[in-house]
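Listed features, source Swiss-Prot:
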type	residues	note
MOD_RES	196	phosphotyrosine
MOD_RES	405	phosphoserine
REPEAT	6-39	repeat 'TPR 1'
REPEAT	83-116	repeat 'TPR 2'
REPEAT	123-156	repeat 'TPR 3'
REPEAT	163-196	repeat 'TPR 4'
REPEAT	206-239	repeat 'TPR 5'
REPEAT	246-279	repeat 'TPR 6'
REPEAT	286-319	repeat 'TPR 7'
ZN_FING	363-403	zinc finger
């Protein structure tokens, strides 16, 4: 298969994919990879396969194609294509919740040589690295990466990247319970889709709507949350986007749980958990399990609650997510308090505070915790987070966290 035929087949596959003929598109791209003698064409076909398998939630296959793409890039001796392939490797590891590996590949990308095209990749690399750090509950590092990605998006006038970064920032602030910002950023993403996204994939609209739904739910605006989530789910079903379907089912279940309808919540949690397990999203599984545990807790079924929390803890520990571990310890406290097991209760109180220390989830001005209740946060240029009200009363005195870390102990 020569250069012209390779190009024609790739374009044919893209047209089929956009028309939701996914199976036919995958078959064509696979044939290009197997039969084409032209390395740039094979590289591009592998890129199409990577994107398609990512959107379907087939992350193991995505990673396999990313490895093949990196080998093709090395054969071509093209540093920019090597960077692109390494970015896809990073994304694959991130999707499989192998966050440290994802960070390592991102750092390799940022340290690689290349021309103007590599600079365009840097924004996407920073976004992937931020998502990986968020998966590890390294909030300051995640925010630093997201802000860098946003600067690249603005500098390159890359509205698609800006849209994706805004969604990640929405997820970031949902976790830290600044629900005003958690809603602001996906709303900004939705505005970008409305203003610039006429020719974009519908996944951008679906993604922004899902993150809006998550924020609305946290704000107690259940009707708005349901409406946004239904819109997102409709697109996810239409495009066979299994990862987004799992997230929407989780959101639907959370809405029903908030409305005290455990009978409707549990089947949706189970459906979400099945998809999360199928696609290999271990962190997603842990999130679902914690919320199932809350249902059993409401029903006063402590043995069931305990079993589910233990599974969530194991998954969170395996992927290195400290925030989910903290939430698990919090649930353990409630369970053991109900059971009257004082020693086990004390053990988990200690572990809870250890997680807080590890994540540095304290305001450096007032000393109170960050992320335990809905409150407005503000980041300084160094990406350290504080309560907004504390910064407003502190004045322009610089970052107390940075000042503390720069003071070195003297010799005694």
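The backbone N, Cα and C atoms fix where each Cβ goes, and this holds for glycine too.
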>> Below 8 Å Cβ to Cβ and six or more residues apart, same chain only. Which residues does that give for residue 196 (phosphotyrosine)?
In response: 159
> Which numbers of helix, strand and coil residues does DSSP report for the repeat 'TPR 6' (246-279)?
Replying inline: 31 helix, 0 strand, 3 coil
> What else in the chain is close to the repeat 'TPR 1' (6-39), if you only count residues 6 or more beyond its ends and a Cβ gap under 8 Å?
Replying inline: 45-46, 48-49, 52, 56, 68, 72, 75-76, 201, 238-240
>> Six or more residues beyond either end and a Cβ under 8 Å away: which residues meet both conditions relative to the repeat 'TPR 2' (83-116)?
In response: 43, 47, 50, 54, 59-60, 62-63, 65-67, 69-70, 72-73, 122, 124-126, 128-129, 131-133, 135-136, 243, 280-283, 319-320
> Per-residue pLDDT averaged over the repeat 'TPR 1' (6-39) comes to what?
Replying inline: 90
